[in-house]
Amino acid sequence: MADAPYKLILLRHGESEWNAKNLFTGWVDVNLTGKGEEEAIRGGELLREAGLLPNVVHTSLLKRAIRSANLALDAADRAWIPVHRAWRLNERHYGALQGKDKAATLAEFGEEQFMTWRRSYDTPPPVLEDGAEWSQSDDPRYAHLPSEVRPRTECLKDVVIRMLPYWYDNIVPDLLAGRVVLVAAHGNSLRALVKHLDGVSDADIVGLNIPTGIPLLYELDTDFQPVNPGGTYLDPEAAKSAIEAVKNQGKK
Ligand SMILES: O=C(O)[C@@H](CO)OP(=O)(O)O
C-alpha cells in the first residue's frame, strides 16, 4: 500500500430532531434526538476500538455537530483535545425549503424537482428571504459575516466553494503537523469534502449519501490523495443500511 501519513476522520452528526421528523434542516439549529446521542457515543466507541484517537476536532457552528463531537470524544476519552468551529463546515443552507416536510415537498413538486433540489450539484432551492421563518439573518453567530457572504440558499457546488478555503487553511495544516483530525459536520458539507478528496464527478456525487454517526476514515498520501478511495466506514454493515435510509428520505 502507498505511504499514507495522514489520517482524517469524518463524522456526520447523530440523528437530529428534524432528521427524525423528516424536515429539511440546513442552517436551522436543531438538537439531537436520544437516538442521535447514542449514535454519536457509538461513533466515539468505534474510534476508541479502532485505536483512532483524534488530536484535534473541527466542527460547524450548529449544535447537532458540536454535541455529536463532544459525545463521541467523551466516549473515546478525548474530550480534552483542541476544538475549532467554523460556519464553513455548516450544513448546506437549504433556502426556502428549510422547515418543510420532505414527504410533503415530494408530493407537491414531484420526484424530479424534489431530487433536483436535494441532490443536483448546481441547482439551489429557492432563496429564503431575510427575516422569514427559519432564516438565520438575525443569528448572532453569523453577525461577523458580510451580507454578500451569508447564504440564503445553496447548492452543493456553493458548499464546495465555501468549504474548501477551510480545508486548505485550517484542516490541511493540522494534517501536515501529524495530527489525527476529526471533522464533525453534516450530510452535505461532508459530501462536499468527500467530492473533493475522491475527485467525484458532478454527476456521480448526486448518488453519494453519508449516514449519521458512523466514523468514515480517510488515509491520505503526501498529496492528500486517499489511498483508500471512498474512505473506510468503521462499521461498514451499519453504514450500508443507513446510507439507503438517507437516500430514500421523503419516500414514505
Ligand atoms: O435537511 C438537511 O439539511 C439535509 C441533512 O439532514 O437533508 P438531505 O439529506 O435531504 O440533504
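Note that Cβ sites are derived from N, Cα and C of the backbone, with glycine treated the same way.
Pulled from TrEMBL:
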- His13: active site, tele-phosphohistidine intermediate (ACT_SITE)
- Glu91: active site, proton donor/acceptor (ACT_SITE)
- 12-19, 25-26, Arg64, 91-94, Lys102, 118-119, 187-188: substrate binding site (BINDING)
- His186: site 'Transition state stabilizer' (SITE)
Subject >> recorded positions whose CB lies under 6 angstroms from ligand 1, from Arg12, Gly26, Glu91, Gly187 >> reply: Gly26, Glu91, Gly187
Subject >> Coarse DSSP state, helix versus strand versus coil, of His13 (active site, tele-phosphohistidine intermediate) >> reply: coil
**OP:** Measure the Cβ-based neighbour count of Arg92 (substrate binding site), defined as the other Cβ atoms within 10 Å of its Cβ.
**Re:** 27
Original post:
Reported as an integer number of Å, what is the Cα distance between Lys102 (substrate binding site) and His186 (site 'Transition state stabilizer')?
Top reply: 17
Original post:
Rounded to a whole number, how many Å is the Cα of the residue listed as 'active site, proton donor/acceptor' away from the Cα of Trp18 (substrate binding site)?
Top reply: 13
Original post:
In whole Å, how far is His186 (site 'Transition state stabilizer') from Arg12 (substrate binding site) when you measure between their Cα atoms?
Top reply: 5
**OP:** Compute the C-alpha separation of Gly187 (substrate binding site) from His13 (active site, tele-phosphohistidine intermediate), stating it in Å without decimals.
**Re:** 8
Subject >> Largest tally of Cβ atoms lying within 10 Å of a Cβ, found at which of the recorded positions Glu15, Glu91 >> reply: Glu91
Subject >> Cβ atoms near Lys102 (substrate binding site) (within 10 Å, other residues, all chains) >> reply: 21
**OP:** Around the Cβ of Trp18 (substrate binding site), how many other Cβ atoms lie within 10 Å? Please give the count over every shown protein chain.
**Re:** 20
Original post:
Which residue, out of the recorded positions Arg12, His13, His186, shows the minimum number of other Cβ atoms inside 10 Å of its Cβ in this structure?
Top reply: His186
Subject >> Candidate with the highest Cβ count within 10 Å, taken from the binding-site residues Gly26, Gly187 >> reply: Gly26
Original post:
To the nearest whole angstrom, what is the C-alpha distance linking His13 (active site, tele-phosphohistidine intermediate) and His186 (site 'Transition state stabilizer')?
Top reply: 6
